[in-house]
Amino acid sequence: MLYKNLVFKGGGVKVLYSVGAMEALEERDVLHSIERVAGVSSGAVLALLTAIGMDVKEMRDFFLEIPFAEEVDAVCLPEETNRFFEEYGRYTGDKLLGRLRDLLEEKCGSSDITFAEMHDLGFRDLYVFATDVTNKKLVQYSWEDTPDYSVVDAVRASASYPFYFVPCRGPNGELLVDGGLLDNYPLWLFDQPQFLSNPDAKYNEETLAIHIGTCEEQQTLWSHKDLVFMMQLFNDMHADTIFEKVKDLDFSQVASKADAYHDLLGYLICIFDAGKLAPPRYHHPNFAGEISIDTNFVSSNGRVLTTFDLDLSEEVRCELMDHGRKEAHKFFEKECLLGTEFCYPLGDPAQHDLLSGVGSELV
């Protein structure tokens, strides 16, 4: 039996841990059997890179070279404040969008390729999620659900962290933000009947998931019922940003200040309502295909990584990736020790039968 489905959890720049885990998957020849990839938020970005066939070295280089601090389109404070009140976000996300379009042009031949076109060209099937705060629901993008939708637009919507990035607009004008508001870890997706090789299975044994979080977070799926999401957002916004300086600005520069304030307040209420209404989605308690990466790891800069630690040196990025790689290897070493069907030893796939006893299914 082989893994056919791969799920990435969201987590801002913590996606670096997942990139490291992907190195371990490549080294153990796990990726060759993956047919479908799902992700949310920054996990949706990594899912896209996986779906279009980037090898792990290219992924590593992409995340080593990307200037996170510049990707958020830093601007002067008055413009930033106008955007925050009028467009409900601090940054446009245009640089990230442009970077992804360039990748799609290079790998797929089109910067605006749709889900159906990706499927027809034989790429791995991609599944990403965004939150529709207008209608308070989770939106799933895939070749089955949204065949004619732009892949890059869906990924941009999935990664639109509320208030940090300007929300996207859907085809009917609905506001779309980070899918993690409602579900940051869509592990349930591949438990649906159409993805099960064994129709009697209680969960999909062919799903491999990369969970990034603290040990305490391993017990339950990431939830916003208590609005922790919003608390983290405002804590992550540093003391010298818009929230501290806004009181000193000349608001005559903000068009229709009162209307903008009420519009922003309405958007805020929509976000809170969506978070409170998020239905809990739990995976089966016996699910065994989860690579758990504890993000309490302390790097050489002496800090534990947070979601928006944007100014990371190459050295620290490498350390975070290496930590993710080591944690993923631990998962597979345990599987091999237990003699499970999903033992992926290091080395040539032809040697798998000598080490796991299931060689005919792995080669």
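Note: Cβ is positioned from N, Cα and C throughout, glycine not excepted.
Pulled from TrEMBL, these are the features on record:
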{"type": "ACT_SITE", "residues": "Ser41", "note": "active site, nucleophile"}
{"type": "ACT_SITE", "residues": "Asp178", "note": "active site, proton acceptor"}
{"type": "DOMAIN", "residues": "6-191", "note": "domain 'PNPLA'"}
{"type": "MOTIF", "residues": "39-43", "note": "motif 'GXSXG'"}
>> Can you tell me whether DSSP puts Ser41 (active site, nucleophile) in helix, strand or coil?
In response: coil
>> Just to verify a number: CA distance, the residue listed as 'active site, nucleophile' to the residue listed as 'active site, proton acceptor', in angstrom, no decimals.
In response: 6
> Same-chain residues six or more away whose CB lies under 8 A from the CB of Asp178 (active site, proton acceptor)?
Replying inline: Gly10, Val40, Ser41, Ala130, Thr131, Ser158, Ala159, Ser160, Tyr161, Pro162
> Relative to the Cβ position of the residue listed as 'active site, nucleophile', how many further Cβ atoms are located within 10 Å?
Replying inline: 29
>> Across the motif 'GXSXG' (39-43), what does the mean pLDDT come to, as a whole number?
In response: 95
